[in-house]
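S.K.: From TrEMBL, for reference:
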- A:Asp7: active site (ACT_SITE)
- A:Glu68: active site (ACT_SITE)
- A:Asp141: active site (ACT_SITE)
- A:Asp7, A:Asp141: Mg(2+) 1 binding site (BINDING)
- A:Glu68: Mg(2+) 2 binding site (BINDING)
Number of protein chains: 2
Amino acid sequence: MRVLGVDPGLTRCGLGVVDGSGGRTVKAVDVGVVRTPVDAPLEQRLHVVATEVAAWIARHRPDVVAIERVFSQHNVRTAMGTAQASGVVALMAAQAGIPVAFHTPSEVKAAVTGQGRADKAQVTAMVTRLLRLTDKPRPADAADALALAICHCWRAPMLERMAAAKARSDELAKAHKARLAAVAKGRT
Amino acid sequence: MRVLGVDPGLTRCGLGVVDGSGGRTVKAVDVGVVRTPVDAPLEQRLHVVATEVAAWIARHRPDVVAIERVFSQHNVRTAMGTAQASGVVALMAAQAGIPVAFHTPSEVKAAVTGQGRADKAQVTAMVTRLLRLTDKPRPADAADALALAICHCWRAPMLERMAAAKARSDELAKAHKARLAAVAKGRT
């Protein structure tokens, strides 16, 4: 499975492509960062991010695009820009017919370092080690994008099992409800 | 000037096209709302919004797309979805080469009703009156989109004057700085 991880942002948007083998082995394919000028109009900045992400999708043909789930806990203005960028990234995936998965920062940190409150340096160090890179990916947004892709490679089988279990339980609940309705009808 | 006003959202995205004459006279051209299913994947919902907005831009060829500026004061989850939708709308404008303007809800309310804390019913009533509509636009998102477009028609000349004044003052400051530097250089 090939995953394009995206750490969305307007000033810096991290992109990382990772191949997963099904097991724990992961391989780095490409990593980079898109920058847009702070003083450019918002729609132009989004346009640059969208164009670059579409180019990465066309070049690497990922099976999934994994995007960091944005929370507005910190600076509201920054969080809004990040959310707008993440929407544009998700749209590029949809336009290419590729499914999107969202993972929270703590899910990514927990997957890669074993603990959800790891700092940036720990995440970068683990990403470097897991992908057997000779140099640390820079800036941190690029390392975060690779971490997201790794996180998705590892969580995907579990998420699929959960989705299958949910579908099965929904089906059982539906059948049970139908049976109850039939019994009730038989009584009247 | 033709303005496409957009009240961004995933469940309901309001769209309203208004022609402004330069004075206070405004004319409704089209109004509508895009709905996306709550249980669809986020990227699919964004895709529906993007496709519809692009179709409206192609059909009505607005000079500007005016979008409501999102704040995350209320529900964080909803605010994030709204921000993602607004990013996608801004991107559609950028892809069509059309400038984007953002107005806050209170700027819109103040422009249309005369006070920034007007409620939805007051905004709808004023929009109906200003555009001389026979029926109130429904749902509220559609009325909000028209209000945004009217707001932009009326604020645009003022915003342009402010931008021109800012450019002029930046130029004067630059010239003044250059003169100071030349004087300082003459002294050494």
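Every residue gets a Cβ built from N, Cα and C, even glycine.
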S.K.: Please list, in sequence order, the residues in the chain of A:Asp141 (active site) that are at least six apart in sequence and whose C-beta is under 8 Å away from its C-beta.
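M.R.: Listed in sequence order, they are A:Asp7, A:Gly9, A:Arg12, A:Cys13, A:Gly14, A:Val33.
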S.K.: Please name the residue among the active-site residues A:Asp7, A:Glu68 whose C-beta has the most neighbouring C-beta atoms within 10 angstroms.
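M.R.: Highest number of other Cβ atoms within 10 Å: A:Asp7.
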